[in-house]
Ligand code: KMT
Ligand code: NI
């Protein structure tokens with residue numbers, strides 16, 4: 001997993017958008033934003049993913065296949081929705097089985113985007129309340145496990161003044177020591 005500041009230049013969301021030279025963001029900077037990651041080889045991943053799921057109380061999971069073939073008619077709408085800046089009231093946990101893509105997370109208070117390039121074997125946890133978005137990259141396909149604690153809470157809350165005061169958003173900022 002590699003992370004770097006997004007260059008904010010116009011153009012295809014699937015392009016890397018890496019500054020030249022790149023401005024990397026390391027795992028400890030991500031951890032300060034409560035963004036956690038592990039790498040677990042896909043070959044024989046089950047027992048290690050099971051162990052992390054047990055430790056962190058992720059009781060349920062399903063598989064998502066983001067590709068034209070995997071999604072059919074809802075593909076274009078889903079791709080558009082994933083890339084709209086939003087937060088959730090629960091963690092967003094993904095283990096990448098195949099393919100690749102980009103999760104963009106908002107740094108606060110700079111409001112810069114940090115782009116996280118995920119590939120097979122990456123397990124990424126975005127905390128509740130973090131503003132983020134997702135896009136496929138130029139390979140146009142990704143398959144991932146979605147893990148969740150109880151009921152999946154996929155409801156996206158689009159960034160807005162109302163979402164800015166959502167209790168999970170405010171709790172997130174307090175947890176990372178920023179703002180209110
Ligand atoms: C999400 O919620 O943004 C997604 O599930 C994106 C695809 S998972 C790699
Ligand atoms: Ni999301």
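Positions of Cβ are set from backbone N, Cα and C atoms, glycine also.
Note: TrEMBL annotation is automatic and uncurated.
What TrEMBL says about this protein:
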- 86, 88, 92, 132: Fe(2+) binding site (BINDING)
- 86, 88, 92, 132: Ni(2+) binding site (BINDING)
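Within 10 Å of the C-beta of residue 86 (Fe(2+) binding site) we count 20 further C-beta atoms, all protein chains included. In this view, the densest Cβ surroundings among the binding-site residues 88, 132 belong to 132, judged by other Cβ atoms lying within 10 Å. The local packing around residue 92 (Fe(2+) binding site), expressed as other Cβ atoms within 10 Å of its Cβ over all shown chains, amounts to 22. One way to see the shell of the Fe(2+) site is to take the Cβ centroid of 86, 88, 92, 132; the remaining same-chain residues with a Cβ within 8 Å of it are 87, 126, 130, 131, 133, 156.
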